[in-house]
Amino acid sequence: MNFKTAFAALALLAGLAAPGMAQDHSTPHIEKESWSFAGIFGTYDQNQLQRGFQVFREVCSSCHGARLVSFRNLAEEGGPAFSDEQVKALAAEYEIADASADGGVRKGVAADRWPSPFATEQDARDANGGALPPDFSVLAKARGITDAFPFWIFNYFTGYSEGGPDYIHALLNGYHEEVPETAPHNADGTPFQLPEGKYYNDYFPGHAIGMAPPLSDEQIAYEVAEGETEVPMTLEQYSHDVAAYMMWMAEPHLAGRKQTGFVVLLFLVGFAALMYMTKRRIWQGIEH
Amino acid sequence: MSEHSTYTPGSGIEKWLDERLPIIRFSKEHLMDFPTPKNLNYFWTFGAILVMCLGIQIVTGIILAMHYTPNIGMAFDSVEHIRRDVNGGRMLQSFHAVGASMFFAAIYIHIFRGMYFGSYKAPREILWILGVLIFVLMMATAFMGYVLPWGQMSGWAATVITNIFAAIPFIGTPLLELLRGGFSVGNPTLNRFFSLHYLLPFVIAAVVALHIWALHVPGNNNPIGVDVKDSRDTLPFHPYYTMKDAFGMVVFLIPFAWFAFFAPDILGHPDNYIQFNSQVTPAHIVPEWYFLPFYAILRAIDFSLLFIDSKLLGVIFFGGSIVILFFLPWLDTSKVRSGNFRPMFKWFYLLFVINFIALTYLGAQPADGIYVVLSKICTAYYFIHFIVVLPLLSRIEKPRPLPTSISESVLSKSHA
């Protein structure tokens, strides 16, 4: 084997592999779903975000907060893009705790953050059997899935960043009414025991999750505008929609970021080509 | 280095300045006319790329610091505030975070280039030592920067890494408390890390200046490792290498931009989007990828030796793996610099690179089963390479004949 070839192959492999080595291997295999916001051209589907917002508002938000998201974000381009009037009306439906207001509360305005359902962490735990419902603001980026070697290497080339929504979708569809036969045995060989007040989930670490199955078929009524096709009212559809919405909450400027990135990359490639030609011109006739 | 100078002050003002602070003469000599070997390959552009990386980190970092709040109750949210509400903040934040990874990618290439082409050998020992010093400072800076977003990995990295110092006999515990500003990682820790994270890049910049000074005394090494003999071997730095370096920088920015714009989180860990909670330990505490080889060495030592317990021994190996780099110029005593002319060295070098990548991989794996055994083997080879292989090769290896000069080598290559 030629040394240079060996070294080049190795350097390439190292460059590709090194960053991915920080992955852990604790979660079971999770299927990758198809998302409108995946890939370099990916953007959010406005209708899907609006449906996901409906799921979040009607179901999730009774236990989960989103303290970093403002009402005004809901009107931003690239997101659910409700109209300003809709957002104002929506905000006004909520009471915001404000020490400087008469009586300590006032109506919400577009600039307010999404109000948390519980005043303190302890209140949240007390209301949920000791478990803390995590805040949704960046939750979609705080979860991920793991690919087996060597498949994660390709993620660096596809820019795969949808591990969070994939996990959320899997989790919402991963409930069992009874502990299934596939449940792992305890270290001493005894069968899996579900603690009181917990539910079995295939994808939750440790499988015993405090959250009851939050979504089921026909639970939320999607309105269909005239002339549009009906969206199925199924758990599968709800979980997709809410996972997409959660990704938007975590990464509200995704579309703009990619748009800028596209221009930057095109510029850099073109600029590099010009630089290369200039460099060749300057070095012309010089043996090196 | 005035012998390279072709500078003659063109105007009265320049002449006046030249007699008082010859800054134009200095720039002309060192940034333009500096004689540079004509045969440098693209691995030599990484010096300029690294200067660019440092610049990007400092500029983005200063602006980020205008919006960041170093308080354990607000740090996490203030980083999100930068991403969500600050104009251009999401880009600044991702350039800075991705920039750290790119900086390390570049410095690893730069270090391994130096190792292959023997750039640490006389008369460039000080140059090499300053380089290792920059690497150490970078690791400290990156570690403290990683703590600032105050996510789970931030807080736990701070806990684990400061704990390392507790293993030092006698001064360990006071040192630990000094680093943390208390008995556990908390607000004082975050504040002092923020302060030092702002300070160290400027120390790095100062050492970089010394590094370049030390480079400009003997001049560049080159791929054949033969000293410059006369002016036929060299080209002025400008325009030849300013152009080549600029091209290298633009190419380097392409993967940089790819990560910053299309996958800004792929180099990090999802757990860092959960605010630090000292009561909840993550399933795996994994450092950033660029620390993994050294982290693997730290964890590989799970046995005691005589009166030294495993924790201290691990720290000794961990520290030793970096300290040994300072001694490289005296461990490899072969007179031939370039690996191209060292038939045995080049294969051991390749093995060392593979071993280093294996350590990176092992650093990310759980510390049990086969991974522990492999970590020990790789750790052993890491040290054997420096302490046994390099000194031994210098004695037994028969290098291939060297070209008499750079220009001769260049001509024979182009007519081959």
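Just so it is clear, glycine is given a Cβ too, placed from its N, Cα and C backbone atoms.
Its own atom aside, the Cβ of B:His197 (heme b b562 binding site) has 21 Cβ atoms within 10 angstroms in the protein chains shown. The feature heme b b562 binding site is assigned by TrEMBL to B:His96, B:His197.
The domain 'Cytochrome b/b6 N-terminal region profile' annotation in TrEMBL covers B:13-224.
According to TrEMBL, the feature domain 'Cytochrome b/b6 C-terminal region profile' maps to B:227-404.
The transmembrane segment annotation in TrEMBL covers B:42-68 (among others). Outside the transmembrane segment (B:42-68), and at least 6 residues removed from its termini, the chain residues within Cβ reach (under 8 Å) are 75, 78-79, 81-82, 86, 89, 92-93, 95-96, 99-100, 102-103, 106-107, 109-110, 113, 117, 145, 148, 194, 197-198, 201-202, 204-205, 208, 215, 220, 222, 244-249, 252.
The annotation transmembrane segment is assigned in TrEMBL to B:94-114 (among others).
According to TrEMBL, the transmembrane segment annotation covers B:126-148 (among others).
Annotated transmembrane segment per TrEMBL: B:154-176 (among others), in sequence order. Outside the transmembrane segment (B:154-176), and at least 6 residues removed from its termini, the chain residues within Cβ reach (under 8 Å) are 143, 146-148, 184-185, 189, 193, 272, 276-278, 281-282, 285, 287, 298, 309, 311-312, 314-315, 318.
Marked as transmembrane segment by TrEMBL: B:196-215 (among others). With a threshold of 8 Å between CB atoms, the same-chain residues lying at least 6 positions outside the transmembrane segment (B:196-215) that come near it are 47, 51, 54, 57-58, 61, 65, 124, 126-127, 130-131, 133-134, 137-138, 140-141, 144-145, 148.
Annotation comment: TrEMBL describes B:246-268 (among others) as transmembrane segment.
Look at TrEMBL and you will find B:289-308 (among others) tagged as transmembrane segment. Within its own chain, the transmembrane segment (B:289-308) has Cβ neighbours under 8 Å at 100-101, 104-105, 108, 139, 142-143, 164, 267, 314-318, 321-322, 356, 359-364, 367, 372, 375-376, 378-379, 382, counting only residues six or more beyond its boundaries.
Taken from TrEMBL, the feature transmembrane segment covers B:314-332 (among others). Tertiary proximity for the transmembrane segment (B:314-332) is limited to same-chain residues at least six positions away from its ends with a CB under 8 Å from its CB atoms, namely 115, 118, 120-122, 124-125, 128-129, 132, 135-136, 139, 164-165, 167-168, 293-294, 297-302, 308, 379, 382-383, 386-387, 390-391, 393-394.
The feature transmembrane segment is assigned by TrEMBL to B:344-364 (among others).
Positions annotated as transmembrane segment by TrEMBL: B:370-393 (among others).
Note: the stretches the transmembrane segment (B:94-114) and the transmembrane segment (B:246-268) are in contact (3+ CB pairs below 8 A, sequence gap of 6 or more). Long-range neighbours of the transmembrane segment (B:344-364) within the same chain, counting only residues 6 or more positions beyond its ends whose Cβ lies under 8 Å from a Cβ of the stretch, are 112, 115-116, 286-287, 289, 291-297, 299-300, 334, 371, 374-375, 378-379, 381-382, 385, 389-390, 393, 396-397. Over the domain 'Cytochrome b/b6 N-terminal region profile' (B:13-224) the predicted model carries a mean pLDDT of 96. Note on B:His96 (heme b b562 binding site): other Cβ atoms within 10 Å of its Cβ, all shown chains, come to 20.
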